[in-house]
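Chemist: Take a look at this one; I'll ask things after.
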Amino acid sequence: MGEISSSFQLGVIGALFLSVASSVSIVICNKALMSSLGFPFATTLTSWHMIVTFGTLYAAKRLKFFEAKPIDMKTVILFGILNGVSVGFLNLSLGFNSIGFYQMTKLAIIPFTVLLETVFLKKEFSLKIKFSLSLLLLGVGIASITDLQLNFLGTIISVLAIITTCVSQILTSTIQKKLNVSSTQLLYQSAPFQAAILFLTGPLVDQMLVNKNVFAFNYTPMVLVFIVLSCIIAVSVNFSTFLVIGKTSPVTYQVLGHLKTCLVLGVGYLILKDPFTFRNIIGILVAIFGMALYSYFCIQDNTNKQSINGSSIAISGKRQRRSTLLLNEKENNEPLKSINKDSVV
């Protein structure tokens, strides 16, 4: 049991590291692609990410790196479409709202996920966990939110983005655990449908956001290089997303996402020379402290659960041994009783 627990913890650490490294890398790559090279078609680019991801997984399956486990087609289609729609709504939210309100939308995903899991999955979150999450959200809000401009259409889109993102991430975890499929198998099955919905709607969404046609863009060699690089990194991003949610929880994945936000802010200041203020520093420090508390409380809760489960197993084992001894004693005494009865008669 100890070896299994250690390997599981190593797997979780590896998944978290891969998720952080790949996400920060793709943010820097896409920032160069969109800001420096003038390629603004985020939703269409995401559809290309999913197409390349599916192609990579298909090649990996053909090379016997994993086996494709059959999953109910209706579940896979709905799950893939929901993931694609959530990406579209998030991009639309960024387009129809200020940066500050978009950051508020991303922050709202954690409390809404906690609410959904509490109401529908009967999952319990301790007060310590809720406090650490509140501290994390406060820090990220201080570090990243600069302006808040509300409009009716943008608010509706943000609410839809929050709902679809939370539900898709909860389903990512639920499907893996209930159907006993790996993150690779689920991503392989759902990627074509997510790619299809994004590929069909992406150009329209991007046209609405930037008033430009993705097919009329001037694709220079440098733009093509960065698009290919972004697609390659996206394979790791998509794989690690499913892996982290499957091994931990949707809430932990969102916490990790805010860690990425802090890292991107820091990397942007150090490498890209983005403006950085004392408020950013305070916010990042508060957020990191909240993340550290969340990690500590999660480990503490898991340790307590393991000790309780271990105690339950030990108690049940003692009861089983005691019942076995009593049964053996009864069987050993039965012949003596029959002899005594015969002698009395």
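Glycine is treated like the rest: Cβ placed from N, Cα and C.
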Chemist: In TrEMBL, which of 39-59, 102-122 is tagged transmembrane segment?
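Modeler: In TrEMBL, the transmembrane segment feature sits at 39-59.
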Chemist: Considering only the recorded stretches 39-59, 186-205, 217-239, state which has the highest number of Cβ pairs under 8 Å to the transmembrane segment (71-94).
Modeler: 186-205
Chemist: Between the stretches 12-33, 39-59, 217-239, which wins on the count of C-beta pairs under 8 angstroms to the transmembrane segment (186-205)?
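Modeler: Ranked by Cβ pairs under 8 Å, first place goes to 39-59.
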Chemist: Quick one: do the transmembrane segment (12-33) and the transmembrane segment (278-299) reach 3+ CB pairs under 8 Å, ignoring pairs fewer than 6 apart in sequence?
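Modeler: Contact between the transmembrane segment (278-299) and the transmembrane segment (12-33): absent, because fewer than 3 Cβ pairs are under 8 Å.
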Chemist: Can you tell me which parts of the same chain pack against the transmembrane segment (39-59), counting only residues 6+ beyond its ends and a CB-CB cutoff under 8 A?
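Modeler: Result: 30, 33, 84, 87-88, 91, 94, 184, 187-188, 191-192, 194-195, 198-199, 201-203, 205-206, 209-210, 212, 214, 217, 223, 226-227, 230-232, 234-235, 237-239.
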